[in-house]
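J.: Structure in structure tokens, see below.
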Amino acid sequence: LCYLPLDPNIILTNAIKTSKYNFFTFLPLNLFEQFQRIANAYFLFLLVLQVIPQISSLSWFTTVVPLILVLTVTAAKDATDDINRHRSDNRVNNRKVQVLIDRKLRSEKWMNVQVGDIIKLENNQFVTADLLLLSSSEPLNLVYIETAELDGETNLKVRQALPVTGDLGDDIEKLADFNGEVRCEPPNNRLDRFTGVLSFAGQKYSLDNEKILLRGCTLRNTEWCFGLVLFGGPETKLMQNCGKSTFKRTSIDRLMNILVLFIFGFLAFMCSVLAIGNYIWERNEGSQFTVFLPRLEDDPAFSSFLTFWSYVIILNTVVPISLYVSVEIIRLGNSFYIDWDRKMYYARNDTPAEARTTTLNEELGQIKYVFSDKTGTLTQNIMIFNKCTINGKCYGDVYDYTDTVDFSFNPLADSRFVFHDHSLVEAVKLENTEVHAFFRLLALCHTVMAEEKKEGELFYQAQSPDEGALVTAARNFGFVFRSRTPDSISIVEMGKQCNYELLAILDFNNVRKRMSVIVRSPEGKLSLYCKGADTIIYERLHQSCSKLMDVTTEHLNEFAGDGLRTLALAYKDLDEEYFNQWIQRHHEANTALEDREGKLDQLYEEIEKDLLLLGATAIEDKLQDGVPQTIEQLSKADIKIWVLTGDKQETAENIGYSCNLLREEMNDVFIISGNSLEDVQQELRNARTSMKPDAAENSEFLPEMDKGVKVVTDEVVNGEYGLVINGHSLAYALEHSLELEFLRTACMCKAVICCRVTPLQKAQVVELVKKYKKAVTLAIGDGANDVSMIKAAHIGVGISGQEGMQAVLSSDYSFAQFRFLQRLLLVHGRWSYLRMCKFLRYFFYKNFTFTFVHFWFAFFCGFSAQTVYDEWFITLYNLMYTALPVLGMSLFDQDVNDVWSFQHPQLYVPGQLNLYFSKKSFFKCALHSCYSSLVLFFIPYAAMYDTVRDDGKDIADYQSFALLTQTCLLFAVSIQMSYWTAVNTFFVLGSLAMYFAVTFTMYSNGMFTILPSAFPFIGTARNSLNQPNVWLTIFLTSILCVLPVITNRFLMIQLCPTINDKAKATPAPPTRRARIRRTSSRRSGYAFSHAQGYGDLVTSGRFLRRPALTRSSGFTHAGRTTTSFSPMGRSAGYSPTGRPQNNKVPDVEVTSLQMYRTITDSAP
């Protein structure tokens, strides 16, 4: 068997390598990566300067110790991660698989498998590489696979081999002699598609994704199968999808980069000033000291040059390397708080909240725009068949409940299905032709797969909850989908077994928004049944349906009042001769190697014309618990919520009212539905003029610039407004000439709903806001169609719901319910932002103060680059003496508790405005540090000047002054804490105790004896700290440093109170229950929640173990039989997981997922 890839450069081995280093490359590569960080490179440069004797006045260890500590910690973390990757690679590469070599099956390691090999897989084995399925042990050459490692979905999927290769079975000789050629696409990361052709015996056979087993899948419920290796190792689709995600940085990170550059500039300025001072001093005073300090060079300019670099070393603490380590520790700790929060744990599904990244926590406290999906995010994605309209008559009523319909005439009915309109059952029993056709369509036009363990005990596996609800409804009303084969569908129509020949499935995709089946009835009649979005179906109806279409439209408007999802149903009879011609062209298009999808779409468009309308269905998708209250809370926090949904405008609008996104109190809700660029532009301008009559007509409203990009400023309007825009209008609004007009109008509104949007448009809307607004965005969704939006936003949140795990796998944070979003933002986000800002302000304060004291000392030491502190104090200042208080504050600080955060959501607003840490607050911090450094230098200097001890001995020496200054510094910065809680007090007192313990130890006789050059301050501590005037100086400097802070806080609270001050002075408001609004005046719609590709799966027969057996229909009017079953879903509802909705999810599925099989067991 010959395999020919279209790309000749394809890697032929199957070994994978996800590790970055090996034993020899780890040290150089890791150091190279670490020194690409500007801070590490800067400190390495300082170390080089320190080994130059003419420059350095500091010992090398003052820089080496903190640098090595940071490099070691980071290297250890990187090494641990890479060792785990090596172990994972080795574990995978050394797995064994049977390979057909020289007409024998031999056990080989995965890494030795090559492209073109034929391998044998057995049940529960991982798929070795990307394989073309050749044959299997199952009837019809089916295999069952689990794709959880690829897409997070645990439901089994089915693949089927071509008949021409399936006949080979497990005959080794036939497999070895098979002579064919495979041509296929080059490696890519598209999991949902594959294009190739198998040439054999002069025939070409189309290969698609349904004949391929991808690496990462697991073989289930299949004894064995054989496959041809098409792609191996890094060329497999699994590895192609392992590319690096976009690295997201917080706004504080970006601000820090700017501030660090400013600090470098300021450092250069200070060093230049001191170098100039040294030049002047050397010229005027330096020559007088040559008698005491002879030197070879007496050039003031050269001395000034050396002094510049010396002060670069001494003042390096203005950019502390420990800052970056501390930031990562704080972020990690706050991430654990999210993971451990029991109030964000969803017990029903055993799903905790998860912080999937540790770098974005503080960004959660600055969100201004939330972009949300609707279905499955705001709603439960559990569908309930509520109403329908058939041939102009409306059935079903969700109000005025009477007795539920009795389905006892149908023993195959779902006992949990609830319906209240008896007239529909009567119409079915009276054999109304249109009603029967309506439910016949629902029973035939779908991709649901059925399992029947016992007679009458049916289990449906649907790939969308909508389909499950519709097929279950048809089942209860007497049209029971029983089983299917690749070319037939077996249903029970009012007790009569009927087998329909399945001739073609015209599959669903996001463009078509409909699906059709072509079947031949037992009487030989050819029919096409179609269901889809009503706007799509209406375009394809025969003109004779105009009156019925008007009546149906009225009913759809009524359904919309309850926010129901609608689906239109239509059919047509086909001519035999035309169909034979069409099916031939369909086969040719289906085997085309290029533009296969385009050719098929053209054929589908051709046959889906002149349809006859049957009616429409209405399905309820209920809101999740707590959604209205969450949206109300976020709105109070001045967070603007935009809903981006594929649903129709009317449905989305009514859901907006139901969840408090739109409110009757709003001044107006603008509908943008123009069909041209000019219409959309005029509607946007009209809306803007209504909100702000004096608003300019043009876009000359963008005075701010950010990196050359215009920034749309927020405009204040009187009142609250909403905006609803549909998909085709949004397409015009997103064009370059109109995007600013759209953004300006939308940002003036309190809520925005975009309907009928594609996944690409969702991402475009997010990118538009990111580009032109100085605001932080968050996107939240639960399905694969939300992934692009989640990745585009500053922060992506995934809901682990009914649509798989694709959104969660692409997100930064995940949880199970939308209502947890308010706790994530208002509590964890706000705390994280507040803690980080306080940390940065405090960190810069203590380090600027530390550094400025050096600056003032330079004017009293002849600009000689002598340090004002002991070298060991310089080394341990950030690493030991001041680390714990600032970390304690940054991990445990709460200005208000979580209850107050909910009761006062306006506390969230300062984060949106960057009030807690900005360039302005940074410069305030620098000025405060400047003042404190003046106090900390000149007060001890004055106190020590011409001072003697109690015993008359001199105390005004350099070492005593250094000790006093550093002790005053440590006390002054330690007491500048926001709150004196038990934790903070413990850390502050502990740090001070540690300082004195280390100081007395290092200044002891023993340490000096061991290493005199490293510990020169012998006896300084015990000789200085026993003097009362020293402690009086410490007390005085501490008071003078903290007094301006206390005064400023007092005056600000009295004169300019912040939101926090006002909230604390206000009694807690009573919690108000959100009012749910429902209306019956708005049109609803339906977002078809299919995934493409299931039609081919059905027609290829990849869903059952053996052909369906003939059974009795089981219908009787004498009463119910005992052959009932437990269907999926809630009362009248359907859940694709097949789990009871009110029970905790078990650890294991109910069955081993023979979901797609039909098995008849004899009753005991």
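Residue positions begin at 1 at the first shown residue.
Cβ from N, Cα, C; glycine included.
So TrEMBL lists the following for this protein:
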BINDING   Asp373, Lys374, Thr375, Glu467, Phe508, Lys531, Arg565, Thr645, Gly646, Asp647, Arg756, Lys762, Asn785, Asp786  ATP binding site
COMPBIAS  1072-1081  compositional bias 'Basic residues'
DOMAIN    13-64  domain 'P-type ATPase N-terminal'
TRANSMEM  58-76  transmembrane segment
TRANSMEM  258-281  transmembrane segment
TRANSMEM  301-325  transmembrane segment
TRANSMEM  843-866  transmembrane segment
TRANSMEM  872-892  transmembrane segment
TRANSMEM  922-941  transmembrane segment
TRANSMEM  961-980  transmembrane segment
TRANSMEM  992-1018  transmembrane segment
TRANSMEM  1030-1051  transmembrane segment
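Help me picture where these features are in the structure shown.
T.: Mean model confidence of the domain 'P-type ATPase N-terminal' (13-64) amounts to 78 (pLDDT, 0 to 100 scale).
Listed as Cβ neighbours of the transmembrane segment (258-281) (distance under 8 Å, sequence separation of 6 or more from its ends, same chain) are residues 38-39, 42, 300-301, 303-305, 307-309, 311-312, 315-316, 318-319, 855, 858-859, 862-865, 919, 922.
If one looks beyond the transmembrane segment (301-325) by at least 6 residues along the same chain, the residues whose Cβ comes under 8 Å of a Cβ in the stretch are 37, 39-40, 42-43, 46, 49-50, 52, 54-58, 63, 66-67, 70, 73, 260, 263-264, 266-268, 270-272, 274-276, 278-279, 282, 286, 843, 847-848, 850-851, 854-855, 858, 863-865, 867, 874, 877-879, 883.
Within its own chain, the transmembrane segment (922-941) has Cβ neighbours under 8 Å at 259, 841, 844-845, 848-849, 851-853, 855-857, 860, 868, 961, 964-965, 968-969, 972-973, 1033, 1036-1037, 1040-1041, 1044-1045, counting only residues six or more beyond its boundaries.
Long-range contacts of the transmembrane segment (961-980) within the same chain: residues 838, 842, 845-846, 849-850, 853, 867-870, 873, 881-882, 885, 889, 893, 895, 932, 935-937, 939-941, 943-944, 988, 991-992, 995, 999, 1003, 1017, 1020-1021, 1024-1025, 1030, 1033-1034, 1037-1038, 1041-1042, 1045, each at least 6 residues beyond the stretch ends and with a Cβ under 8 Å from a Cβ of the stretch.
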J.: Give me the stretch from 843-866, 872-892, 1030-1051 with the greatest number of Cβ pairs under 8 Å to the transmembrane segment (992-1018).
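T.: Per the Cβ count, the answer is 872-892.
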J.: So if I measure Cβ to Cβ from Asp373 (ATP binding site) and keep only same-chain residues at least 6 apart in sequence, which ones fall under 8 Å?
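T.: When sequence neighbours closer than 6 are ignored, Asp373 (ATP binding site) has Val643, Leu644, Thr645, Lys762, Ile780, Gly781, Asp782, Gly783, Asn785, Asp786, Met789 within Cβ distance under 8 Å.
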J.: Which residue among the binding-site residues Arg565, Arg756 has the fewest other Cβ atoms within 10 Å of its Cβ, if you could check?
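T.: Candidates: the binding-site residues Arg565, Arg756. Fewest Cβ atoms within 10 Å: Arg756.
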J.: How many other Cβ atoms sit within 10 Å of the Cβ of Gly646 (ATP binding site)?
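T.: Around Gly646 (ATP binding site), other Cβ atoms within 10 Å: 28.
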J.: Quick one: DSSP breakdown of the domain 'P-type ATPase N-terminal' (13-64) into helix, strand and coil?
T.: 26 helix, 1 strand, 25 coil
J.: Under 8 Å between C-beta atoms and at least six residues away from its ends: which parts of the chain pack against the transmembrane segment (843-866)?
T.: 57, 270, 274-275, 277-278, 281, 285-286, 289, 307, 310-311, 313-315, 317-318, 320, 323, 326, 877-878, 882, 886, 922, 925-926, 928-930, 932-934, 936-938, 941, 965, 969, 972-973, 976
